[in-house]
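Written out below as C-alpha cells is the structure these notes cover.
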Amino acid sequence: MTFKTLDNLTDIAGKRVLVRVDLNVPVKDGKVTDATRIERVAPTIRELSEKGAKVILLAHFGRPKGEVVTEMSLEQILPAVNDVLGRKVGFAADCTGEPAAAAIAAMGNGDVLLLENTRFHKGEEKNNPDFTAALAANGDIFVNDAFSAAHRAHASTEGLAHLLPAYAGRTMQAELEALEKGLGNPARPVVAIVGGAKVSTKIDLLMNLVKKVDALVIGGGMANTFLAARGTNVGKSLCEHDLADTAKQIMIEAATATCAIVLPEDGVVAREFKANAENQVVDVNAIPADAMMLDVGPKTVEAVNAWISRAATLVWNGPLGAFEIAPFDAATVSAAKHAAARTKEGKLVSVAGGGDTVAALNHAGVADDFTYVSTAGGAFLEWMEGKPLPGVDVLHQQK
Ligand SMILES: Nc1ncnc2c1ncn2[C@@H]1O[C@H](COP(=O)(O)OP(=O)(O)OP(=O)(O)O)[C@@H](O)[C@H]1O
Ligand SMILES: O=C(O)[C@H](O)COP(=O)(O)O
C-alpha cells in the first residue's frame, strides 16, 4: 500500500493547495460542541502553511443535497477553526466561481482560506466533471485529509485526485497506517468487538470480520439477535428476530473460518430503558419475559477481558451495552479500560472507530490510550467491511 504524503511536498511556497478536510462536526445553537475533527486536521493545515503554501480548505457540512441551505453554511464553523488553529482563517461564500477566485487571489503565502460547503452544489455528490474542474481551477495541488469522508466518491474526495497531483494529509496518513495495523497485516491473535444497537446495520461488517479475525465478541443489542437465533429467550430485549437466519449464517461462516464467536453468558436486565432503572444480573438463559438486557454481565466481561489479554490486535466498533445510561455502561467501561491498559503496556495494538464507540471510549476516559481512535463513522465501518474507499483508492493510484 503506497500513497504520497506531505513528506513528498517540499517546494510548495506560493502554491495553491486544495485541502479536503472533514468539518462535519456536531453543532448546537450555532456553536461547535466537539472540535475533535478540526483538531485532527490542524497539523496538516499548519504544516502546509509553514511551508508557505496558500492553504485552501474544502469541506462539506450536513446533507444540503445540492441546495444552498443557510443553516448548513460552513461560516458557522469558522470561529472554531480559528480557535483550534490560533489564527484567523479567511472565508469565501462559494467554493467555485468569483467568490472563491477573488478570495484566493487575495491570499498571501501561508494564508488559510475556508471555502463554503461543497455540497451546496449538485456536482459535488455526483462527482460531476465540470464541477470537479471548477474546483480544480483554484488549486495546483490536492491534499486529502478527510478519511471520514473517503467512502464517498464525490468531486472533492475522489474527483479532484484525477485532475491534480494528490497527496494524503497527516490525519489520512495516520488513519491508513493504523488501519493497516488493525486488519491489513495485523499481529495475531486479532480480536474484534462489535456491539451497538442492531445486526441489520452491521451484517456486512460481521460477515467480513469472521473471515479475518481469530475471535469476534458480539455485545450490545445485536448480541440478542444471535442469542435468539440460538434458541435463547431474550424477553423484551432489543432483538431482530427476522435476522435469525443471517445470525446463524454468520455463526456458520465463523466456524468454517475458525473464528471464535463470543456471546454474552450473562446480562444486566431491567424493565425500563432509563438511568438507574432497577436492574439485576441474570444468566442469559434466565432473562425474565418482561425484561430487557441492557448490558452484558460480569461473567461476560471477564470472558471479554480474557480475550483482550490474549489479543495482539483489537478492533472495536460499537458499545457492549447501553453505555449512555448508568449502570449499563459498566461492561463497555471495563473492557475499554482493560484494552487501554494492555495498549499502554505495549502488549496490544488497539484500533477503534464509530461515533458512539468514540463517545463510549471518551466516557471511559481512555480514548487517548488506544493506539488509534478513528473519527470516522461510515468510512471506518466500510473499511472494516472490506469495501473499497474511493477517496483512498485514488490516492494509491497516484504515480
Ligand atoms: N443491549 C442494548 N439494548 C439497547 N441498545 C443498546 C444495547 N447495547 C447498546 N445499545 C445502544 O447502541 C447504540 C450504539 O450503537 P451503534 O451501532 O450506533 O454504535 P457505533 O457503530 O459505535 O456508532 P455509529 O453508528 O455512530 O458509528 C448506543 O446508543 C447504545 O445505547
Ligand atoms: O460525518 C461523517 O461521517 C462524514 O463527514 C461523512 O458524512 P456523510 O455521511 O453525510 O457523507
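Positions of Cβ are set from backbone N, Cα and C atoms, glycine also.
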Listed co-binder of ATP (same site as Glu324, Gly354, Gly355, Asp356, Thr357, source TrEMBL) among Lys202, Lys211, Lys212: Lys202
Same-site substrate binder from Arg46, Arg87, Arg152, given that TrEMBL records Asp22, Leu23, Asn24, Arg37, His60, Phe61, Gly62, Arg63, Arg119: Arg152
Candidates Asp22, Asn24, His60, Gly62, Arg119 (binding-site residues) - the one closest to Asp356 (ATP binding site) by CA: Asn24
Integer Cα-Cα distance in angstrom, Gly355 (ATP binding site) to Asn24 (substrate binding site): 12
Largest separation between Cα atoms (Å) of residues that the record links to ATP, namely Lys202, Glu324, Gly354, Gly355, Asp356, Thr357: 20
Binding-site residues compared (Asp22, Glu324, Asp356) - highest count of Cβ atoms within 10 Å: Asp22
Protein Cβ atoms within 10 Å of Gly354 (ATP binding site), excluding its own: 26
Integer Å distance between the CA atoms belonging to Arg119 (substrate binding site) and Thr357 (ATP binding site): 27
Which of Asn24, Thr357, the listed binding-site residues, has fewest other Cβ atoms within 10 Å: Asn24
